């Protein structure tokens, strides 16, 4: 990952509108990981990531920034809700399962990359196994010359050509494949996931290496064997070692809803357990060792990004030690009508483009006029102000409502509007949404 902070922000701008402060903070944090890897080994161990706390209302891009960042970094990434965890001793998941899930995500990510690398070798091996099943073994050359062997080779090449052209796809063959019995489902109480995983691994290990003959169509058999060969070509031990390093050096954990475990003033009851979750998170964020399938994982250099709306609580309501472990504070701003307008048109695969392309599959063309987009943005902002502010997610609700009739009758409308597209202008938006937006009681329930 050698992108500069400016390049990272530019890439994030393709998908997320506004929130420049948050983008800059995560871009610097990501670049610092690359800078750290360039340091001498003894100094590298001393440099720890500066964890981030994002503060802002729902639907303004907190989660999306973290998700896009992980994709850019090509790093093991996991998003968790802080409210899903309980302190040790209570029924529920403990916070160490975050790192176990991160380790699983790293293995999955690297395995997909490795399978992609050996794809062509796996295809060749699968092709040979299919041809072996289609053709009898070559006859040993007898007498003078090797005419039968050459003849067999010519036949094989002919079948190979037909196989690649798809002419044999519907032919049925008997082929030996790995015996994968149906997975054993083990129902376990919350907090016992580790034991469940170990039992499932034990049962799957018992059937490893067993083969069985199945009657399959060539196309189906080719896909099955290709996947089997790809898995066989991947070095599992090396994969696990690389996954362990990826988790420790490049892992990113996004903890959402952290404000929900903040202790509010003059509140009692379940808050004891909430504070317990915060205290359990402390060693994880500070740096400790967690036992996973890959072995012992050190969390010292994992980047933690926490986020919360903090409507009913403040960042200062978190326990002081946790505040100290999230040194970078970024405040995300509520969205303005202009932001809504830009969200509808500017990002890569914007909402208007998605709906346009979806309806195009039915042969129906729709066009969003500039005044229509402006009016839609105004309504989204108004409804957010009058009712609950759910940020950009309000646009999904409005667009579904706006295009409900068009989506339902798309096949019929396609023949009527074959010569010109349906225009979504301010008048169209007002006729479908205006009354709902003006009536506060209606918009509270419908929009």
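Just so you know, the numbers here start at 1 and follow the chain as drawn.
A Cβ is built for glycine as well, from the same backbone N, Cα and C atoms used for every other residue.
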Pick from 124, 256, 259: which one does Swiss-Prot list with 17, 59, 60, 61, 62, 63, 64, 321, 393 for the same ATP site?
256
Other C-beta atoms that fall within 10 angstroms of the C-beta of residue 64 (ATP binding site):
16
Have a look around residue 321 (ATP binding site) and count the other CB atoms within 10 A of its CB, chains all included.
14
For residue 62 (ATP binding site), just count the other CB atoms lying within 10 A of its CB, please.
26
Ten-angstrom check, please: count other Cβ atoms within 10 Å of the Cβ of residue 60 (ATP binding site), all chains counted.
26
What three-state secondary structure does DSSP assign to residue 60 (ATP binding site)?
coil
